[in-house]
């Protein structure tokens, strides 16, 4: 009969169900409704007897062809009693036969008792089911999770606007076997095991009437315990270790899962022990307890595999570590390794303590849900006595909301009882004046049930929360409602004669209430629902619709979840992630990425997998020509070992600042990694080459032992000298294996990435008399980012790359760089049956991120003020999660769109991911895409491009985007993967030509620079050492700090007695003296600045082109004066020269020549002569110096090892001296002494200095007197001009 009916039912299915016959076969087990009697059907109302609920059977035509209520509104319902608890897997609906009556959408409720209904939700958020579009077609929904219930109720939400509510339905499923036992809070079952078991699985269903209680307690023979405890509606699993012989230390671990588990509905819990882990599942959420490895095999197995006794429903004696209550509720289908515990109890095969029953009685406490701002309940007040008594229980997540309000008799005011900051407040207000104010309770928005009692006792008003927190105040007038009391409510309730009592200035209550009493009488909500008493709007009767949106939490990466009634919020503080769900990392994935944002050396958080599970790590980035990641460990010092009797081996463990998972990801992503490994020896053999067993070995990241040394090849059992064939003894492959009674060493770098880093070092040959050794394991250093430059160039609109389906069901983030000259194109697309996700360039100034998760197409757009098809790299970041979708382009303000509050949340895709185009090969992208990451995983574009026509791997042309990072006249040079800054014509050095080249000068040291003409075959690197001889002007700049006056800063002279001198006069003011013709007099240009000999750093720029001159000091433009006096070679300059200079000179530049840089970096070139000691200093740094921000040259001294170098000095051989912030670094501050004297051919003479009107630019220090007059000076120019004709 079932088969016939099944075929008959399938005949009416919509054609969509036949797309997958296997799915259809799995959808339907047996029909459950068609054979039920009419007495199994109930409804809120019926249009007539022929429209009664008993006719609401699928495909039936008797009666009026289905059920229709008397009035079509959202308060109607159809209820079906299945007769017993049944497993329901699907439901199907039709409209009323031969009519215009059908339901477009509905809620589906379920219950075991016909009360306390619970709403079935798809995807845990979608409550509404889509219905019919005509009267006869069948629309079916398979449940994602089966429902175990006896009663089903359908609530129509929408119907044909040209008809009425009309419904026929069928439910599908199968019978369900249920063994139950009930506990009243003092009873329990005691189950004793007979021996060890090979299985470790326990499962049960529970329904609790209280929010706290012990469901199960397990004791092992040696004091180990396992406890399953309900605490405030959450289920906790505690594992505790007792005292075992041969073990030490206590062990206690806890996992929690679930929420609101005291809702008097069935919940399922399973526990499984597997290989040191305990999997703990409540409903659909799993938590995992990791048991310490040294305890897993014996101690926890003793608990899980050999239970001594198990008690269900409570414990014999409640200890301090447990809650005060045993379990109050029902357990169902308790199975321990397939043993039916309840069946054994029914057959009296285990101990029963206290009163238990093998049924599950239901307590009827009918709740009501205030789900929307429009929800309210108005009840008449008909008190028989002169007093007030109102009580209720509430449950909410909101901090604010009006609970009860009513007007007082005799126009004594209005009473307001409301939540404020999760506390209960009561106010009586009359004519705008508060006559009574009370507060009680706290944290009432925790989702738990709380009782509220309001009463009057003679002239006292009493407010109590949870029967404990009570507040009493005295009133002068009786507190009695005039006619009605209102529960909940909005700003203004529906129009009534006395709606003035419904105004609400205190916020809307959204939550549940139950056990509502007025004048000590329970309000019958069934009569309220039937409109027999009171009035209401938008209430959900006989159910509590509260949802814990933080269990399970959608907040990722440790974000803290808080919630209100209809939404949740993630606090991402201190997580390293951002966004509505803390999904996207705020850090870059590598030092390479930080470098290309213009950052210099320093500590940076590296998040190697972006939004993936690997945590960010603070790492030092050494930005030199490459971006090096330096990962420290606990011992980078040179460690010395001496012979010790009884010790045959020394073991050194190295703990890194990053964990194993982080290290593996960082090394895999890097282009190259290395780690220094050095061994200094005296009568201490290393690898015992050529044929002996090695005395020393090391262990890599994956736990494998290695017997090759730094500088040698893996598995070679050699040192670097063996590879180079220059060891101390040709027959051996390590210097130390010669076993000399003199110090030798073997040093080098390990660079095989799969073996790095060094986790452990075992040193063996140190127990012989006279044996001495020292070792050093340097930090792990890696450069490059294989993902950052992974790119593909699409040169045809029909070309694309395809990848496996993108899986981003709940959270999806996509980021990439692109550059193009095209005005539009699709960057990527992935399709599902209905769902999709796409990012495209819709116009030169707009990018669109679109998707559909079942709620209809959704778009987020960002418009840019500039064109994006400018052949420059642009960065796109898109994210979609359960709360919102966002789109960011470069550093412009992003766009966000909120997701529907109760919409679909799962993105379900099934096609391939198309990059650079679409499946239809339309609207393809022309240009470059690189660094494409989806949920933290980088797609290998280059690998796919190598085998795809119309797409090329790689994409040159980075200087258009990153060239601006090269500072101070640095020139951007293209590389295959990125760029470098050529600083050859700059006075600066460093990664971005940003680092000042400085030296501290004292008398006694001099630098002479002789200009020579640049030859045709000179290298670019040396271009700043030379200059041409035919320039028509000077461009001079330098920085200085000194306390000396007078002081010569710069002197340039020619063979023709022409010169330029820059000096401080005796007042500390800057003078520039020019003599451009030997037969003319020198002229002095004096700045109007204050005393510059104040020890602070000052910047001077002097520019002359032909007859135009400008001088700038610290961005202040000086004036000048002119004199016609003449003299021989200035004796003042000679005197200043004899005094020397004490102070700092930095970034000295003369046209395209950087003489100080040449003297410091290339002191042995023919153009530079250095007398005395000249060493680079950081005295010219314009910002406070940090030793960690200093540029360093990546090198290793003595890479292959030497023999006879003397005893190693601990902390001085390739080691660092201070540990600060996890990175060891040395900065040596050397005071330098030098006098810069530079020779140069000077240029054309000047004739006149015409007078111009001053521009009004005055000195910051002296607005009236711009210059002091020095009688010893010659020709002081003082015209307050930027340009001077001389």
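Note: Cβ is positioned from N, Cα and C throughout, glycine not excepted.
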Original post:
Looking at 1225-1249, 1250-1274, which one does TrEMBL call region 'Disordered'?
Top reply: 1250-1274
Subject >> Range annotated as transmembrane segment in TrEMBL, from 1192-1217, 1218-1243 >> reply: 1218-1243
Original post:
Among the recorded stretches 25-174, 790-955, 956-994, which has the greatest number of Cβ pairs closer than 8 Å to the domain 'EGF-like' (546-583)?
Top reply: 790-955
Subject >> Which same-chain residues, if any, lie at least 6 apart from residue 955 (disulfide bond) yet have Cβ under 8 Å of it >> reply: 791, 792, 793, 819, 928, 930
**OP:** Within the domain 'Laminin G' (178-360) only, compute the mean pLDDT.
**Re:** 80
